[in-house]
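In Swiss-Prot this protein carries:
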- 202: active site (ACT_SITE)
- 47-76: NADP(+) binding site (BINDING)
């Protein structure tokens, strides 16, 4: 009888465990993307300015345009002044009633003194939303000791993918804390969700972004500030090699619009429903299945990248 009760208890626990995870998966997919209406971002932000890094291309540029469309003044930060000037012009052509400022900064520069100068400029305005988007990618997947560009490239990826989100958050948070309102969105990557061979540094730095965001959320839980980590999969951007758009690979405008709608409804999410479906499926797969798929994808990616760099046709 005791054995029978034990077996029944174990069986019930297993069923409850499976049911819990099934419900969690369904909620992760449907709540932010189907059930909930977008929140009033201006009310939650508590201020009219949005700062976006890496704002002249891809996801960052689309975040800038979408925030401007929603009535925020935008402060765009990137490396190239000519691209910043053009982006400012393009935003104002579509949204002439807002204000756009820009600051040039090369985020491979880890100088604290230079960061303080940048933060001094940013703190001239009341920042309600900070989008830490700037990031860097290797040319192609490779083993750590064979990475193209050596330790210089490795250092740059680590610096760009970790320092800006950390230091800019630290520098902007004081004004958010004093207002008891604000939103900080850190853009990570699908690569931070699982351990990726031959993308070790990129994957690890994106995991840092996700982990940092979660820690800050706990740290400032009583200050009225929203912290969100976005972990997108493939988006049709220059950084991703400009792939064709599809259900699973949206353009950056579609992605940014979707991701902004999840603020206040999901603390950690991919930002796009198709990516969330991919993410939930991926988490269910055993490592050997993921590793085999990644290995095949890496080989194809590397072959294409090397062929392009050498300007030779693929075999």
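Glycine too: its Cβ is placed from the backbone N, Cα and C atoms.
Looking at residue 51 (NADP(+) binding site) and residue 202 (active site), their Cα atoms lie 24 Å from each other. Sequence-distant neighbours of residue 59 (NADP(+) binding site) (same chain, six or more apart, CB under 8 Å from its CB) are 133, 187, 232, 235, 237, 252, 255, 256, listed in sequence order.
By neighbour count, meaning other C-beta atoms within 10 Å, the densest spot among the recorded positions 63, 75, 202 is 63. Cβ neighbour count for residue 47 (NADP(+) binding site) (all protein chains, 10 Å cutoff from its Cβ): 19.
Annotation: 55 carries the greatest number of neighbouring Cβ atoms among the binding-site residues 51, 55, 67 [cut-off 10 Å, Cβ to Cβ]. Listed in sequence order, 42, 48, 98 are the same-chain residues six or more apart from residue 71 (NADP(+) binding site) with CB atoms under 8 A from its CB. In this structure, the CA atom of residue 202 (active site) is 33 Å away from the CA atom of residue 47 (NADP(+) binding site).
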